Amino acid sequence: MAMALILSFVFPLAGTLILALSAGRLGVRASSFIGVGSVGLAALATAWAVMTPPGGESVTVITLWNWIAVGDFQPTIGLAVDGLSLVMMSVITGVGFLIHLFAAWYMRGEEGVTRFYAWMNLFVFSMLLLVLGDNLLLLFLGWEGVGLCSYGLIGHYYRSHANGQAAFKAFVVTRIGDVFLALGLFLIFMELGTLDIRTVLELAPQAWAQGSTTANLAALLVLGGALGKSAQVPLHTWLPDAMAGPTPVSALIHAATMVTAGVYLIARLHGLFLLAPDVMLLVGVIGAVSLLLAAFAALAQTDIKRVLAYSTMSQIGYMFLALGVGAFDAAIFHLVTHAFFKALLFLSAGAVIISCHHEQDMRRLGGLWRKLPVAYGGFLVGGAALVALPLATAGFFSKDEILWQAMAADQTGLLLAGLLGAVLTGLYTVRLILSTFHGEPGHGGPTSDHVRDPEAGVNPLTHHLPLVVLAICSTFVGAWLYPGLGGLFPASPGEAADTGHTLLQVLAMGAAFAGLLLAAWLFLWQRRWLDETVRQGFGNSLWRLWHSAWGFDALFDRILVRPWQLTVKYLRVDLINLMMNLPALVARALNAGLVRGQNGRVRSYALVMVFGATAILLTLALVQGGAV
Amino acid sequence: MILVWLILIPFIGGLLCWQAERWSHQAPRWIALGTMLFVLVISVVVWLTGDFAPASANSSQWLLQWRAPWIPRFGVEIHLAMDGLSLVLVALTGFLGLLAVLCSWQEISDRVGFFHLNLLFILGGVVGVFLALDLFLFFLFWEMMLVPMYFLIALWGHSGSAGQTRIRAATRFFIYTQASGLLMLVSIIALVFVHYSNTGELSFGYDTLRGTDVPEPLAFWLMLGFFIAFAVKLPVVPFHGWLPDAHAQAPTAGSVDLAGILLKTAAYGILRFALPLFPEQSAAFAPVAMFLGLVGIIYGAVLACGQQDIKRLIAYTSVSHMGFVLIALYSGSELAIQGAIVLMVAHAFSTAALFILSGQLYERIHSRDMRVMGGLWGRLPVLPGFTLCFVAASLGMPATANFVGEFMILFGTFPGAPMVVVVASIGLVLAAIYSLLLMQRVHFGSEYRSGLLAGPDRREYGIMLVLLVLTLAVGLYPQPLLDTTAAVAGPVAELFTGSAELAVRAGEVN
């Protein structure tokens, strides 16, 4: 087991090193081979680790070396593996491998393939460390590492200024969250004297009373970090812009793995959050707000990837909602199924985008279902899972679990938000699929003759296999694959009870179908009325509000970015330093004054001498006189 | 005797370089390289054979010592001593000296011999500062590093747009450090006289003066004299004005030495002299020092964001990073002080690398103005990748040495001064902003001009790779470094707790 664990992240690291040190000498094929192969090996190593029955203990701990040791401060480079880590590892390497494989198709003929795979492998490495680290500092290493990789990959097409800005924004906004997490670590270390996760969870209940200020503060700070990485309100604005990266990046980092790191973090530190019930509730509320806000925003996007980005944010909102009601198991369950179906949706979107020559505006797409049957299939299956169509899809099982837990925890508000979100999910999913694959392409869009055949000039396996496997996992098969984390977390609120579960299932199904029917009615029968409505008056205002995702960007621009830019602009000349020039100015002024006296004219010298002598004599006389 | 040689070798090497120019242009370079290698090898050997366990009752605090009378009339001795901290910094000096010689291999073609004389004299002076224990000798070396630095900037600096600017920058550097050095000299002499009037013994010795009982208001002023001298060098806002100018105008080797080592002499001075000589006054002064550190972190970062000259940007990031060091030195926590030492080393690596990279850029596009850069990722092989790595180090990415340093400082300071850490953490976000701004303006975006530029040759590639490996090595396994300096950081941290206890006891007596 130990060997398998170490290999799982050493392979991607080796891949990164080889690719980075090759300095552009490797061709596209070789780079793809190394990039995909290393993650494939990591996936095999993970499979080996999952197969190996743990020896009695539920947690395997491996300490590689002592990182830092000064007094009490003893973080190690050490791994701790339990069920949660294994599930996360499987998602990262399994889904990660499929996405890497698909990228071999997606990135053919692109520039910078070596750089792309170097970053992707480094990402897998960092993400694995994030979920494997046995102490919070090592977790933080992975946490920052995935952020850096995200930055590098969003800015992959570096020539475009907008992409650079998007990458910059993603890094800085998540960094703000990271600072909160860092402060949380400082607080935890000060209070408990350790960063080891299991020790922290053990000591926290002894050291802090339920609901004490310190516990609340620590949980709040950790939550700040989770919000940044998981793109939840108010630190969510970077995620839609992050879609500037290549689509496999969006699938891997901004859908399946990195953005769910916040969910992992809270689940990992659940003991801390259970001590702070108020913060727990806040987690749930933020989740609910994010899920609704993002779902409305997704309704009014025109870019395929932005729809999916807001949908991701919305689904992570569900996970936060689950965490907030104490249903950690349900949150992780939804994390896993979401990784499957959202990766599928993103990859299918990638297939559409490449086949249509990088066209991703839905207004110009349409009628593609005949041309791109595999991608269409992917969208149908993934969309169904996203909408949580009953019984057949993975999304149904996990979302139903979340809603049920919210109900069992007596959080009616959160439950209603979840149900409303389900209706909206149906709406935007149908809109997405209809406008991409049905109807006629809009003005300037690729007509069916221009659509590239995905199988042309490349092994179709790299295109078909990931889509098919992910599609299978998005159905109920994915729900079966999830092993459950029994015993790792404290009992969820709905564990023992069962009253009302059937009612809730009916409600959830009703919500999903309501969304679908409403969508069909709106987009198929009332299309014209809808187009008219959003073009003018209140409908238009609403559209613009949702299109700009409730105006958060403009708000932050006004209250943060612009003041900052002004500060930088006015301080550029280094005001404090100018102050230090004062002595020099004084010296120069004195110099100018005294130089004037040195005019070379005997008359003025004589005059000054007479005055000077008189002044001295007078002074002497006065002083002497005073003395006498 | 090793200590004497460590100081003498650079000076002798410098004189040799100067004369060797008669034989060939290359000779001074090789001699300088050999000299610095020698210093580095000696310090590594000392490190390998040394025992850095904390001093016990019967073992000395010092690893190596050397004394000889110099001016017995005034009690001035040549007293050199080395402990873990001096050793680390001397080794760092040797290493960065090596880099400085290497990175000017192509850049400097004018008066090569005299250039290397100056370079080696700076390094000799710095080694002297790190080893001198006699305060008079310390002051001598402290002043000695300035003169060759002045020449380095004034003679080989970039002429800049305004023509005269390198002379101005050199003069400004000289005046700032000279004036502050004067304050230290006054403090030293006053301290010696107080000791003389107390005991009738005239001495500049470190151990002798440490226990001096200085009457209260005077002690505070003397402490301030030391502090300001070091604060100018560190630099602490508002005394930072010389730094951006000096960095921007200095040749690459000068910037490397300035950022890599000269700034560290100040932190060393605080650790070695300002704190141990005046523990109570320093403890009382700590809130002010920490506040100045915070101002430095934020102010340096904001200004870094506003620069158009790439070297000025990097210079202002130094102000920001040194703010962290200042906070740590006055935190009274062993963890934080150890972190400060790691950050000093890390900052030397990452900033030296960034300066060398901007020097390499200058050799290719003949500009330091970021407005005429952009899109270099596509035009220049390999170097942008290295830039990204060191930019990541500079923003404190985990697994780099900078992260270890910064986080140890923050972890160590938090229990004593949580609000300071909260504000300092804003610096982490700002660090991300200025670091990525550099990346965005220089290497990403649309290409300002087209055409491929020459990639790094073996020398340039080697420099970068070694620096990167060292940054990662210290970031992932800093323990050897920490063990070396543990015996130094612990007692300094105890000074504060000790003086706090003293103060409490004094209060009880009253």
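Cβ atoms here come from the backbone N, Cα and C positions, even for glycine.
TrEMBL annotations:
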TRANSMEM  B:6-23  transmembrane segment
TRANSMEM  B:30-50  transmembrane segment
TRANSMEM  B:84-105  transmembrane segment
TRANSMEM  B:112-133  transmembrane segment
DOMAIN    B:132-429  domain 'NADH:quinone oxidoreductase/Mrp antiporter transmembrane'
TRANSMEM  B:139-158  transmembrane segment
TRANSMEM  B:179-198  transmembrane segment
TRANSMEM  B:218-237  transmembrane segment
TRANSMEM  B:258-278  transmembrane segment
TRANSMEM  B:284-306  transmembrane segment
TRANSMEM  B:377-397  transmembrane segment
TRANSMEM  B:417-439  transmembrane segment
TRANSMEM  B:460-477  transmembrane segment
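Beyond the transmembrane segment (B:179-198), the same-chain residues lying 6 or more positions past its ends with a Cβ under 8 Å from any Cβ of the stretch are 75, 135-136, 139, 142-143, 146, 204, 208-209, 212-215, 218, 221-223, 225-226, 228-233, 239, 277. Listed as Cβ neighbours of the transmembrane segment (B:284-306) (distance under 8 Å, sequence separation of 6 or more from its ends, same chain) are residues 220, 223-224, 227, 231, 235-237, 240, 244, 313-314, 316-327, 329-332, 417, 420, 423-424, 426-427, 430-431, 433-434, 437, 496. Sequence-distant neighbours of the transmembrane segment (B:258-278) (same chain, 6+ residues past either end, Cβ-Cβ under 8 Å): 85-86, 89, 92-93, 96, 99, 122-123, 126, 129-130, 135, 138, 142, 145, 149, 191, 206, 209-210, 212, 214, 219-220, 222-223, 226-227, 229-235, 243, 246-247, 250, 314-315, 318, 322, 325-326, 329, 337, 340, 344, 347-348, 351-352, 355, 488, 492, 495. Within the chain carrying the transmembrane segment (B:6-23), a Cβ under 8 angstroms from the stretch's Cβ atoms is held by residues 31-32, 34-36, 38-39, 42-43, 80, 90, 97, 111-114, 116-121, 123-124, 127-128, 131, all 6 or more beyond its ends. Long-range Cβ contacts of the transmembrane segment (B:112-133) within its own chain (Cβ-Cβ under 8 Å, at least 6 residues beyond either end) map to 3, 6-11, 13-15, 17-22, 25, 28-29, 31-32, 35-36, 39, 79-82, 86, 89-90, 93-94, 97, 100-101, 104, 140-142, 144-145, 147-149, 151-152, 155-156, 205-207, 253, 257, 261-262, 265, 268-269.
Spatially, the transmembrane segment (B:377-397) is not adjacent to the transmembrane segment (B:84-105); fewer than three Cβ-Cβ distances between them are under 8 Å for residues at least 6 apart in sequence. Most Cβ pairs under 8 A with the transmembrane segment (B:84-105) among the ranges B:30-50, B:139-158, B:417-439, B:460-477 are made by B:30-50.
Sequence-distant contacts of the transmembrane segment (B:417-439) (same chain, at least 6 residues past either end, Cβ-Cβ under 8 Å): 290, 293-294, 297-298, 301-302, 304-305, 310, 313-314, 316-317, 320, 323-324, 327, 331, 370, 387-388, 391-392, 394-396, 406, 410.
Residues 99, 102-103, 342, 345-346, 349-350, 352-353, 356-357, 360, 382-383, 386, 389-390, 393, 398-404 of the same chain lie 6 or more positions beyond the ends of the transmembrane segment (B:460-477) yet place their CB under 8 Å from a CB of it.
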